[in-house]
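Written out below as structure tokens is the structure these notes cover.
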């Protein structure tokens with residue numbers, strides 16, 4: 001082993017290094033003097049799998065001018081030197097640091113870190129030691145955060161947050177300070193109950209029944225099913241005894257009922273006749289025979305073999321699985337290349353991938369395969385949620401303390417814009433629809449899921465009912481779905497269309513605190529971490545193929561967020577203070593990506609292949625914005641008849657009958673099951689309303705007067721003239737009848753009756769009810785009622801004049 005290398009490898013492998021090759025053995029760390037010429041970098045030519053060498057860190061290289069070399073040879077940003085946070089593995093970036101002097105506009109924490117003066121004594125601890133909120137540092141105030149008011153059935157932690165009341169004294173610390181487990185008595189269960197590892201009790205009869213009843217599944221661990229006659233060397237007599245298989249058909253009765261010596265079956269080779277009926281291989285036994293299938297096939301009815309569909313397991317391949325007779329083959333999507341050793345798909349197009357993660361006051365950037373990160377966005381108050389639009393090179397993030405959502409160009413992160421700053425309280429989850437140019441976020445305080453354009457100019461609340469504690473959210477623009485977690489009393493993961501339609505619950509069982517969620521668009525699988533159950537799991541976007549990849553309290557003490565790319569899943573953990581990775585197929589190969597991170601929150605992966613392009617039907621429509629007056633939102637593609645998009649209005653408006661424009665106080669059109677017909681025209685001070693009901697009519701609510709002022713100006717004079725003319729005719733007729741003797745004949749066959757029906761046919765097969773702003777004018781013997789929706793309605797008028 002060359003002593004000028006500093007690296008760790010988790011397997012025995014050979015790397016080609018320029019100018020010579022070096023063998024690196026498992027678990028060996030080497031490093032000492034300065035590197036010799038030629039050993040500055042390792043070539044990318046590898047003779048072993050990258051997955052098995054995932055622990056390999058950078059060979060001693062020349063650090064950039066803006067980097068600091070740790071004693072271990074690691075390079076970190078100069079900005080992280082003497083910031084009271086160890087970024088070098090050996091902590092050398094914090095060694096021999098002078099006591100910092102803060103500027104007049106800053107506050108110096110007790111650990112010497114400087115934070116903006118405005119952050120001190122605001123009820124929100126920003127120093128790692130909380131010294132910016134200590135009473136002695138806050139003259140004229142308590143310096144303490146206002147007492148949090150928890151909801152019903154919640155427990156208030158001493159550290160200020162709220163957790164479920166049922167988690168109190170359950171054996172697992174859920175508060176940041178573990179106060180939910182203080183002053184708890186030792187858990188005890190009844191003699192007929194099973195004590196779970198988390199302290200809860202379940203009926204004893206449910207232990208080892210194949211269905212986990214404890215939240216931590218401890219009732220199904222260490223279960224051993226014993227079968228007295230299991231194994232090829234045993235034979236079960238029909239009378240109940242268990243004997244050795246060697247004693248079958250040996251000429252001596254060993255079973256009480258003699259079932260080990262049947263005269264018909266012993267010493268008979270059934271395979272000689274028609275291969276025993278087997279489709280493949282027939283194996284003769286001492287008693288009877290059995291059909292055997294080749295590898296990749298399984299027996300379906302004791303005689304016939306059927307091909308095993310290995311691709312039914314969604315995690316068989318990382319992207320594409322092709323089933324073959326007796327086997328299968330993995331393939332990759334465009335832009336990826338198959339690693340034939342690991343069967344993983346590696347990105348071969350696009351720029352290098354890197355991770356973006358938030359540490360409350362900063363958004364940092366780290367290239368994959370490197371343990372060096374830099375600060376991208378600085379001096380933030382409380383960054384919680386994070387996402388990116390790779391195509392537009394834009395970063396979005398939410399600030400929990402300032403209650404705002406921001407965006408910035410990745411090339412110029414110092415200049416950012418405010419996207420949402422009103423009607424928002426606790427934006428804990430954020431997702432970007434990179435195809436349609438919208439953002440989605442959850443609000444844990446308002447209990448809503450909302451959408452807005454990328455600039456925040458148009459927004460709408462999509463989900464406002466049935467939510468308790470919505471947290472993380474991701475979107476799938478190709479299938480037009482969004483997914484979010486809810487760690488309420490009935491914790492779950494839900495799915496709905498990007499327009500809020502077709503809402504359904506994907507995960508409702510064996511879930512307690514789903515903190516983070518990530519989507520692999522290419523494979524169509526959803527991943528999430530549970531901070532209560534300490535699990536990392538995955539499921540298909542349609543709710544099929546659920547797998548638990550990792551379940552371990554030490555590996556996942558308190559995971560917060562996760563991201564997926566290629567064959568790996570990455571997650572942040574606030575208890576382990578770092579970023580970790582593992583195989584997203586097996587959950588194995590757990591490795592540290594970055595350590596010694598304070599307040600590691602959200603994490604996203606930045607690469608063009610993670611956000612494949614798609615068609616925006618709202619832009620491709622024949623009319624601008626799909627013809628929508630306000631928002632055009634993609635509709636979930638549940639079948640071939642699904643609409644491509646629907647229109648949406650602001651929260652205070654609703655869609656009109658045309659399902660495109662927005663009106664005040666309106667509702668969506670509905671079918672009217674009326675079997676009778678009627679018509680009338682109501683006139684009041686501000687507008688006229690045509691009301692038509694019946695199986696061949698339609699209804700729309702009254703339009704706002706402000707929307708049609710010109711119609712009113714025309715309608716009112718015409719109505720007045722009509723009334724004046726009709727009134728004059730009636731007065732003249734009354735005068736003539738009083739002063740003239742007449743004989744009046746009427747024919748009832750031709751007379752118009754008051755209960756005659758007015759029909760408005762939209763379609764001969766559809767019945768609707770319409771109501772809308774209408775105008776009235778007369779022409780000849782007809783009076784017309786006109787509306788922008790009702791079209792024309794004519795009512796024949798007949799004045800009976802004296803003979």
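Cβ atoms are placed via backbone N, Cα and C, with glycine included.
Curation plays no part in TrEMBL annotations; they are all automatic predictions.
Now, the feature entries from TrEMBL:
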type	residues	note
SIGNAL	1-21	signal peptide
DISULFID	63-75	disulfide bond
DISULFID	70-88	disulfide bond
DISULFID	82-97	disulfide bond
DISULFID	102-114	disulfide bond
DISULFID	109-127	disulfide bond
DISULFID	150-162	disulfide bond
DISULFID	157-175	disulfide bond
DISULFID	189-201	disulfide bond
DISULFID	196-214	disulfide bond
DISULFID	208-223	disulfide bond
DISULFID	237-255	disulfide bond
DOMAIN	267-306	domain 'EGF-like'
DOMAIN	307-342	domain 'EGF-like'
DISULFID	311-321	disulfide bond
REPEAT	393-436	repeat 'LDL-receptor class B'
REPEAT	437-479	repeat 'LDL-receptor class B'
REPEAT	480-523	repeat 'LDL-receptor class B'
REPEAT	524-568	repeat 'LDL-receptor class B'
TRANSMEM	711-732	transmembrane segment
Would you identify which of the disulfide-bonded residues 97, 127, 223, 255 has the most other C-beta atoms lying within 10 angstroms of its C-beta?
127
Under 8 Å Cβ-Cβ from the domain 'EGF-like' (267-306), and at least six residues away from its ends along the same chain, one finds 245, 248-249, 260, 325-327
Enumerate same-chain residues with a sequence separation of six or more from residue 114 (disulfide bond) and a Cβ-Cβ distance below 8 A; give 'none' if the list is empty.
100, 102, 103, 106, 107, 108
Which one is it: of the disulfide-bonded residues 97, 109, 127, 162, whose Cα lies the shortest distance from the Cα of residue 214 (disulfide bond)?
162
Which site among 63, 109, 162, 208, 311 has the most other CB atoms no more than 10 Å from its CB, taking these as disulfide-bonded residues?
109
Within 10 A of the CB of residue 201 (disulfide bond), the number of other CB atoms across every chain shown is 16
In the structure shown, which of the disulfide-bonded residues 88, 102, 157, 214 has the fewest other Cβ atoms within 10 Å?
102
Neighbourhood of residue 189 (disulfide bond) by C-beta distance under 8 A, where only residues 6 or more apart in the same chain count:
195, 201
Tally the residues of the domain 'EGF-like' (267-306) by DSSP class, grouping H, G and I as helix, E and B as strand, and everything else as coil.
7 helix, 14 strand, 19 coil
Could you tally the C-beta atoms, other than its own, that fall within 10 angstroms of the C-beta of residue 175 (disulfide bond)?
20
For residue 175 (disulfide bond), the close disulfide-bonded residues (Cα within 10 Å) drawn from 82, 127, 150, 162, 255 turn out to be 162
